[in-house]
């Protein structure tokens, strides 16, 4: 809501404006700072007696009530009875263990390979049948659902009885005319977000109930686990409770209850990437059900699966289920939920297009709050954000304070990367954001925790923002992401900055952006070097490009509606940003020069003043400084090499070593700086160095004095003092004690590592999407004609008893203790190749640099090396000259020996038939005879010559190579003279050996032949294997087809004879020939490969027990049976 001055309550831009009392009169109930999980009675072993029978899954539960059982975890302290109209707990006795045993119960073992397959199996099972309590299969009744406008599938599904009964009676009874608390609504959206309109048959419950939406809270999700999702969702529901609990508010009580004016929207970016455990959490609170999603509607692919439900349930991050118990201030109010599950992963900007263009246009909210899954808004933070818009009618966007998640007791601060990021966030919230907020233009409102006035971003801001959505690239053409140059593509890596600029520069408007201190959010930050570098690549490149975009388009500000005062501030901010860009551009050189200058100031003895080098004395200090300077440069060069050729994940240890080296150098520089300050005031105090005779004398002596005391004071105050002062004035100084030291050590790495990596990967703009092959297994909705010739879909109608039975299993999974799975990253061979390449280049480069330094640097004189740099250089060139002369003489003598030997051997040659001239003469004569034969054949055939394909020519070449006598003479030559040359060249390439032979069953069919391999070593020795080769006409562009005739026990050859050989698949190249394939087959019998199997059982046998595998091979080759499978006898 916007502030409307005196006489509030009238219309403002078509939106009703009502006032809120001052902050002191909100009358919010007193809250504890602890989590509800610490207050509710679930898993409390001290509770007993009257409460035990009301707990989730009582120890001796009653028989299943068909439609009246409920979830009965208590929410507020002291509550012991379930609300009226509810009974008992879940009927499964084993389920009560979750209440009593805490975290000792683990998730039941899955009957499928992984959670993905488990989830897909549930979707299919739900569509067909469900086991009854007796375990038998049961056919469901069906119902016919009429499609809206003949194409839109929208179905209401009954929710489990426990969820329906969890809603308080005063809400259920008040909404008796609707199905808001008894049914969940599912819509299969087969359209683009821009086409999700009433005109096209789509609708949302909130609009259908004629409710005005004041606040739309969006949570965007990618692949976070259920703990992170629950942390965000539960905190949002707590914040909604804060807003609803405002007492005697004219605004909230007019036009309906407050909860009806708030909508929470979850947008999941793709089914495949989503953690399926999070879907169990959402199903537990009622906004999702298994077996509902449809991959397509009559063949038209579903783009997004939309679920709607109003719930009073929540799951805490510690997997505790929270439900309403009484009407007290701690009870969660109903929350209107929209869950949008996108079928494909189409990136976050597309998720925002669903939010703004689809749901936003239909609900028309006043304020939209954006959150990322994993971000935890603090109590009353969402209220503080909304209040900022309510009290400032020109506020178009706002953000709160984001701080790093430090873990219990701040234990994550022991990780220096976390401490550095914590300090960075804090200083940004204390100095940067307030400054930009004062100007009226906050350069970035982080998508993880920000808010926008919906009507402010409508129009050009959202239009420019969505140019970064690749799903619109075909429609937008050159304006789309695929038509952009690399600069604009990088700009959309920080698309939220584009939205901020477009909002402030909106023509004819005077929207401004602000930072709201009272709104706080907690988010997790990268804890590893590789993740940290990858994240900052996107941030740095995106922010740099977006900042240049804002500077280049600043002229659009003159078309906005800002007043003269605001424009003056914006011009000041423009100058400030230009200076920041300049300093950022030269920061790499500035850091190095600062390092060298400080080392020289302290490390070089001064004869005039008598100052000695510190800290290692006049002799050792210059040597140490020289080594550190060269080490600094060497590691900067290393960053360029790594950035240009390696992934951060593939060079983790190298990057960690780089962080440590730069931190060590920075620590040394800090020590030298402290010494400089002490030395500056050791002999003369500041009052002695600064003259107070007049103002002019003071300025000259303070800023340009020979002793530089004033400059040192300025540096100390601005670099260190202001951070301390601002932090204490902000009443949040603790980061200066536990995070500032780590930041000082790693400050240079922001430039030397992060910025170097970012700029060297400016080309890396990943906008591709990834569909899900697994969604193909989802059921479809097939259209039929109804009784009145209307378009319908036949849908299974399950009984409430079966819905409740399946829900019990869902809650089991959702409330099972979370076990964080350690991500085991598979080694990428490409990373190994790149690491070797990097090590080779680094070694070669640095050893050559070391040679140059050893010869040229005078500082090495102090290491005891003989002579100065000039003397060493001269000796080096003498050595180089002598070495070159000796090597040249060796080459010349070798030439003389070869020449003499060749001339002498010519006199004792036995036959001239081998001479190259004789061979060429023979080939020429054969070509001449062939040409005459071809001419004669051509005349006989009417002048037509039969064409030979490339495949025939290549195979014919190989065939004739295989068909030669013991003296190497070729027989069976074709009439094509060119084949003579092909055969002549292939004779030197192909060698079958004594263990292999070939056979052409049909002499005229040169594209099919049989290869026989009889290994004489390895575990497959003394056996005989035959392979059928089939070559198509596209050879050599397509590989030959190879199949083993015998049924053998081999990890790379399945029981049907298919062969797994990389050069027969992705590694095939036209330059390869049949010889490469034959050699590859021979190698398979010498060394079977268990890492790329076709016969998985054989591969597992080889990996786990090589000796046992050998025994099974011998059994199978003898015609025996292995693991229930019989094999052909191949032993000779």
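Heads up, the Cβ atoms here are built off N, Cα and C, so glycines get one too.
Annotations in TrEMBL come from automatic prediction, not curation.
Range annotated as transmembrane segment by TrEMBL, chosen from 578-603, 682-707, 786-811: 578-603. Transmembrane segment is the annotation TrEMBL gives to one range among 656-678, 909-931, 932-954, and that range is 656-678. In TrEMBL, the feature transmembrane segment is placed on 708-731, out of the ranges 708-731, 972-995, 996-1019.
Cross-referencing 491-512, 513-534, 535-556, 623-644 with TrEMBL places the feature transmembrane segment at 623-644. Range annotated as transmembrane segment by TrEMBL, chosen from 444-467, 876-899, 1020-1043, 1044-1067: 876-899. Cβ neighbours within 10 Å of residue 1060 (active site, glycyl thioester intermediate), excluding its own Cβ and spanning all shown chains: 18.
The DSSP secondary structure for residue 1060 (active site, glycyl thioester intermediate) is coil. Panel annotation: around the transmembrane segment (623-644), residues 588, 592, 595-596, 599-600, 603, 616, 651, 654-655, 658, 661-662, 665, 668, 752-753, 756-757, 759-761, 838, 841-842, 845-846, 849, 853, 857, 859, 862-863 of the same chain, lying at least six beyond its termini, place a Cβ under 8 Å from a Cβ of the stretch.
Most Cβ pairs within less than 8 Å of the transmembrane segment (743-760), among stretches 578-603, 708-731, 836-855, 876-899, belong to 578-603. Counting residues 6+ beyond its ends, the transmembrane segment (656-678) has Cβ neighbours under 8 Å at 416, 529, 594-595, 598-599, 601-603, 614-615, 628, 631-632, 635, 638-639, 712, 716, 744-749, 752-753 in the same chain. Within its own chain, the transmembrane segment (876-899) has Cβ neighbours under 8 Å at 855, counting only residues six or more beyond its boundaries.
Here the domain 'UBC core' (978-1122) is broken down by DSSP into helix, strand and coil counts: 46 helix, 28 strand, 71 coil. On the 0 to 100 pLDDT scale, the model's mean across the domain 'UBC core' (978-1122) is 83.
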